[in-house]
Amino acid sequence: MEDEIQNFIKVWIFVIASLIYCYFIVSKIPKGFLRLLALLPVFYIFTILPLNLYSFHLGAPTAFYLTWLGNSKLLLFSFNHGPLSSSSSSLSRSDPPKSLLFFISLACLPIKIKQNRSPKSSQNHTKPQKNKILQNPSSQNIKIKQNPSLKSSQNLGKPRNINFFKNRFFVLALKALLLALVIRIYDYREHLNPNIILALYCCHLYLGAEITLAVSGALARALLGQDLEPQFDEPYLSASLQEFWGRRWNLMVTSILRSTVYDPVRRISTPVLGKTWARLSGVFLTFVVSGLMHELLYYYMSRVDPTWEVTWFFVLHGICMILEVLVKKILTDRCQLQPWVSRPLTIGFVAVTGFWLFFPQLLRNGVDRKAISEYGLLVEFVRNKMRL
């Protein structure tokens, strides 16, 4: 465990050094092909660095932050788009150290600064970032749907903000306790039905992902002193696949995929396919890319050649989401399921298809048992360090 932590520190030293190079040197290169060329070594470094980590809880988040989010943000940066472009220029003149801190934090952490809307800023910028891939088709246009929970902070008073963070901390603490309970139940897995174990894995995946991203967000909030947009929004309340993937589940990934896949595909294909089919094509390719990136993450976790099941999981969900959009557009408001019906159907579909296609690669290669065993190793490591 100690060797793994040392490797972890070395990996992130290389990450910070690479991002300093991006900030001071690459940012001075004109946007476009030349800047992209200058970033190629960083893409390579970010791709191979996770191979130095073998534990699940250090390796998997590092691979996700660097190879997916980090490389995607740098790809946007090469064309002067995305959060890194604004962070490298907005503060560079007034406060260079703070601007560098912003740049490094935004590049390697799964965070997105919450924008304060104002009439002037709304005129000078594109429409607010939207965290949903598709809008309800009953509006006759299939658009990116905005997260309604991300309202402008202008109307929020300070006491209400304090209560919000207190409530959020309480909910996060409760979820941490639930995760600890799930981990404890694994001690009795030999006596449990395999389907119950898979259901526990679903809970573990959600709780572990939200807590990990929340801890990263808390670190960034402490460093930057900025309000951040939430990474999850209670996905178990989703009443449709559109709502689950676009507005509630892992919103940082949704935002990145929209900027790097959905928007370019839609712009390129609109003259050929028309607006509706261009948007649907963008949705489908977004899910395909997500599947391929999950295959890469699975390789980092298992070091076994891909079998493409997780890719088919996302392809299936992309197809089903497109069908959902088309059906809703045809029916409009004539046939709507009540939330008490649509929510269990949505979560049930995600869980069943996850049992079928998402988890098998991990289970076959023992990633689940490896992850569970690391909790005991971590406790033992802390005890030894504290000499208990």
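Numbering starts at 1 and runs along the chain as it is shown here.
Cβ atoms here come from the backbone N, Cα and C positions, even for glycine.
Heads up, TrEMBL stuff is auto-annotated, nobody curated it.
Taken from TrEMBL as is:
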type     : residues : note
TRANSMEM : 7-26     : transmembrane segment
TRANSMEM : 32-51    : transmembrane segment
REGION   : 116-138  : region 'Disordered'
TRANSMEM : 169-186  : transmembrane segment
TRANSMEM : 198-220  : transmembrane segment
DOMAIN   : 229-315  : domain 'Wax synthase'
TRANSMEM : 276-298  : transmembrane segment
TRANSMEM : 310-328  : transmembrane segment
TRANSMEM : 340-359  : transmembrane segment
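Panel annotation: around the transmembrane segment (7-26), residues 35, 38-39, 42, 45-46, 49-50, 52-53, 58, 62, 66, 70, 74, 77, 84, 88, 99-100, 103-104, 107-108 of the same chain, lying at least six beyond its termini, place a Cβ under 8 Å from a Cβ of the stretch.
Per DSSP, the secondary structure of the domain 'Wax synthase' (229-315) breaks down as 69 helix, 0 strand, 18 coil. Within the chain, the transmembrane segment (340-359) has long-range Cβ neighbours (under 8 A, six or more residues past its boundaries) at 195, 198-199, 201-202, 236-241, 243-244, 309-310, 312-313, 316-317, 320, 368.
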